[in-house]
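Q: Here TrEMBL flags 62-244 as domain 'Mucolipin extracytosolic'. The domain 'Polycystin cation channel PKD1/PKD2' annotation in TrEMBL covers 347-482. The transmembrane segment feature in TrEMBL is assigned to 258-285, 315-332, 344-366, 386-408, 454-475.
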C-alpha cells in the first residue's frame, strides 16, 4: 500500500508539472481551463497603448510650449540674438560697450514686457516674494593688473553684490549707479534673474484644461575666462502650477471625466493582471518545493539550479513590473489630468517603460510556436557569453574614451567631455559620421593631428574589424546551436526526463471547443521540449 501511495504521489506530481509547463491553449484542452491571463494581457495591450498615445500627445504640447517660450525669451531679452545658440551658450559680446548695452537691454525689455510680448505672460514673484529683477555680480575682492608691465596683484576671494530692481524703477535710473560700474579685469559674472507667469491655451484645442506656468529665467554674463569674450547664457526653468481659478464653458469638463474613467479602468485591468500573475508565481514556487522534496527523497540528490529556475517564470515577473509601473503611472496621469500634480516627466517614463514591457511580453506567446521562438532561445543562450565579452571589450573602450578626452578634447568638439567622447566612439563603431570626425580635428598642433589619425584608425580597425565581428560571431554561434537542437532535440535535463515518463499523457488530449480551436488551440507537430526552455 505504501508503494502504491508513493506511485500515486509521483504520478500526481508528474501530472501537475506537465500541466504547469503547458501553454494556455493546451491547458484548455487538458482541463478546459479558460486562459484568463492570455485574454487579459491582450486587453491590457490595447488599453495601455491607447492610454500612452493620448498622454504622449498631451506631453508633446507641454514640451513644445516650454521650448517655444524659451526661444521667445531669448529673442526678447538678449540683444543681437541670432536665433541659433553659439555652442553651449546663447551669444557673446567682445567690448565693454556691448556688455553694458546687453545688460540694460534686458532690463528695459523686462519693464516693457506687456507692450512687446506676443505671449500670455505676466510678472511673477521671485524667491523673496517680490516682483522685479534681481541683479547679482561676482568679482574678485580687490586687485590691480598691468598687463603691459606683467604685473598682477589680486585677492582671489569672491564677493557677490546683489540689487533688486522693481517695476517702479526704470533702467535709465540705474545707468549712472555705482553698482553698474563694472571693473571688467576683476569681474567674474553678472546674473540677471526674474520670474514670469504664463498660461498654455493650446491645450483647449485638445479638449483639456490649460496649465499655468512659472518661468524662472536667468541671464548670465560669464567673464571667468577673462579672454576678451563674455559668454551670455540664458536659462529658463518652467514649473507647472495649478491654476487658481478656471472658468471654462463647454464640454471640456465632461471630456475630462471620460478620460479619468478610462484611466481608472486601466488600473483595474492591470490590478487584475498583477493578482493573477502573482498567484501563478506563488503556485509555481509551491510546485517547485514539492518537486525538490520528491527528487531528494527518491533519487537522494538535489535538483540542478537550471531546473530550479525553470519554475520561476520570467515573463510573469516582467508582467508584474509592467503592471506596477502602469498603475503608478495611471494614478499620476489622473492627478495631472485633474491638475493636482504636474510631473509629466516621471509619468511619461513610467507609462512608456510599462508599455515597452507589455509589448515585449507578447514574444512569450509567439514563443509557444516552435517556428517563432528562435529569437528568445538565441537571446537566452548567447546572453551570458555576450555579457562576458562586453566586459572585456568595455575595458578597451574606456581606455580609448579617457585617452581621446584628455588628448583631443581641446581640439575637437566631439571629444570635449567624457560623455561626448563615449557617444562619438559608439557612433564610429556603427560606421556613423566617420569622415566628419576625421575632418573636424583642428590642425593647430601637428603632433596632436598625427596622434588623432593614429588614435582614430586604430580604434575603428580594432572595434569594427575585430570586436564587432567577434560579437556577431557569438550570437551566430548560439543561433546555429539552437537550430541544431530544434532539428535533433534539446539536451534532456532531470526535469524533462521526469516529465517524459508521464504515463497519463493521454488524459490531456481532450478535444477543445471549436471556437478556441479556430482561434489559437490547434495542435502543433513536433516535440514540446522547447516550452520548458522558454518558460
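Every residue, even glycine, has its Cβ placed from backbone N, Cα and C.
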Q: Give the one range among 258-285, 315-332, 386-408, 454-475 whose Cβ atoms make the most pairs under 8 Å with those of the transmembrane segment (344-366).
A: 315-332
Q: Which residues, given as numbers and ranges, are at least 6 beyond the ends of the transmembrane segment (454-475) yet have a Cβ under 8 Å from it?
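A: Contacts of the transmembrane segment (454-475) (Cβ under 8 Å, skipping residues fewer than 6 from its ends): 378, 382, 385-386, 389-390, 393, 396-397, 400, 403-404, 407-408, 425, 428-429, 431, 434, 437-438.
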Q: Can you work out the mean pLDDT of the predicted model over the domain 'Mucolipin extracytosolic' (62-244)?
A: 83
